[in-house]
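Below is one structure, written out as C-alpha cells, with a few remarks after it.
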Amino acid sequence: MDTTQPLTRIKLLNSEFPNKSTGIINGQSSGLLNWNDIAYPQMYTLYQTLLGNFWKAQEINMQDDIKQWDTLTEKEKDIFLRINTQLASLDSLQTPTMTQVMDYVTDSSFKAILAVISQQEAVHNESYSYILSSLVPLHVQNERFNQAKEDPIIQKRNHLILEAYEAFRQNPTPQNLFQLSINSINLEGIYFYAGFAFFYNLARGQKMLKTSTMISYIQRDEMQHAYFISQFIRILLSENPELNTKENIQYIYDTIHQAVQLEKEWAGYILKDIEGIDLKEFAGYIEYLANKRLRQMGLENFYEARENPMPWIHVFSDEMINETKSDFFEQKSRTYTKVTQSNGFDEL
C-alpha cells in the first residue's frame, strides 16, 4: 500500500464483498453491518458503552447556576465564558471531521461508532450553548465566540489540530488519516482538560454545580472517544505495516508532546491567579494524561511516570468517571427532571 495515495471513498453497498470487513481501510466489505459478525468483536462493547452514556443538555436544570451566576467575581465570569466558547469551538471541529472519516473507513462497525461519536460531539457543542443561554444574552454569547476565533493563543493552539484535519480533507491518504487520528487524541484526550479543571475547581467551592455536572458528562464521553481513537490507531498500524514505521511512532511522541506544551501554555494564560489551581501541578497533570494516552496506543510513557498530581480532580478522573453514581460535591444521585427550553427560568 502506498500511504501517500488517496483512499477510495467507500460505496454504500458492495454486494460482491463479505459483510465482515477485511480491513478498516482499503478492505473489502459489503457495507452491511451484522454486529454478531464483525472483525473486531470488542467494538460492539465500546459501541454499547457509548450508547449507554446517552444524555441531553436539557435534562440538567440550570436554575441553581442561574441564581449563582451573579455571585461569581468578574474575573470568574470572564474566564467561565472564555473557556466555555473555547471548548465549544473545539467540539465544532469534531462532528464534521468524524463524518468525513466515515467515508473512507471500510469496516461498518467502525463507521457506526464514528457516527455515534459525531452525534455526541454535536450534543457537547449544544451543551455549551445551553449553558451560555442560561447565563448571558445572545449578543454577549456572540462576542465571546468571536473572541474565541480571534484570540492568538487559541489560534496557535488550534493550528496543530486544524493543520492535520485540513490535510486529510484536502488529501485523504492513509498517512493523513493516521496523523488526523493522533491529533484527534490530542483534542479529546489532552486539550479539554484545562477547561475541565476550571469548572471542577468552581465546583470544589460549591459554585456552578450544574455546569460541572454537565462537564463531567462531556468528559466521560471524551474519555471513551479518545480510547476508541487509540484502538483505531493500533489496528490501523497493525493492519498496515507501511504505516507502522519508526518515523510515525516518533510523530506520535512529537505531536503529543507539542499538544502538551500548548495546553500548558493555554493553562498558564487562562488559569493564572485562579485560587485553588496550582499551574505546576496542572502541568504534571497534563503530562500524566499524555502518558495515559500513549499507553492506550500501546506505547511507552514519554514523561516521568506519576500518579494523578491533582488529587482534588480525582473524583472526575478518567478512572472514576464511569464509577461515580452521584455528584461528589452534591452527594446526591445524578437524576434530573427534564426541563423546558427555558432552562429552568420558570422556577426562579
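Quick reminder: no glycine exception, Cβ is built from N, Cα and C everywhere.
TrEMBL annotations: computationally assigned, not manually curated.
According to TrEMBL:
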type: BINDING; residues: Asp91, Glu121, His124; note: Fe cation 1 binding site
type: BINDING; residues: Glu121, Glu188, Glu222, His225; note: Fe cation 2 binding site
type: ACT_SITE; residues: Tyr128; note: active site
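Shown on the structure are the features that TrEMBL records.
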residue: Asp91; record: Fe cation 1 binding site; DSSP class: helix
residue: Glu121; record: Fe cation 1 binding site; DSSP class: helix
residue: Tyr128; record: active site; DSSP class: helix
residue: Glu188; record: Fe cation 2 binding site; DSSP class: helix
residue: Glu222; record: Fe cation 2 binding site; DSSP class: helix
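The Cβ of His124 (Fe cation 1 binding site) lies under 8 Å from the Cβ of Leu87, Ala88, Asp91, Ile218, Asp221, Glu222, each of these being in the same chain and 6 or more residues away along the sequence.
Residues Asp91, Gln94, Ile117, Gln120, His124, Ser184, Leu187, Phe192, Asp221, Gln224, Ala226 surround the recorded Fe cation 2 site, their Cβ atoms falling within 8 Å of the Cβ centroid of Glu121, Glu188, Glu222, His225, which are themselves excluded. Counting in whole angstrom, Glu188 (Fe cation 2 binding site) lies 10 from Glu121 (Fe cation 1 binding site) by their C-alpha atoms. For the pair formed by Glu121 (Fe cation 1 binding site) and His225 (Fe cation 2 binding site), distance between Cα atoms is given as 10 Å, rounded to the nearest Å. Here the C-alpha separation of His225 (Fe cation 2 binding site) and Tyr128 (active site) works out to 18 Å.
Each of the binding-site residues Asp91, Glu121, Glu188, Glu222 was scored by how many other Cβ atoms lie within 10 Å of its Cβ, and the smallest score goes to Asp91.
Just so you know, the Cβ of Tyr128 (active site) picks up 27 other Cβ atoms within 10 Å once every protein chain is counted. Taking the mean position of the Cβ atoms of Asp91, Glu121, His124 as the Fe cation 1 site, the remaining residues of that chain whose Cβ falls within 8 Å of it are Ala88, Leu90, Ser92, Gln94, Thr95, Gln120, Ala122, Val123, Asn125, Ser127, Ile218, Asp221.
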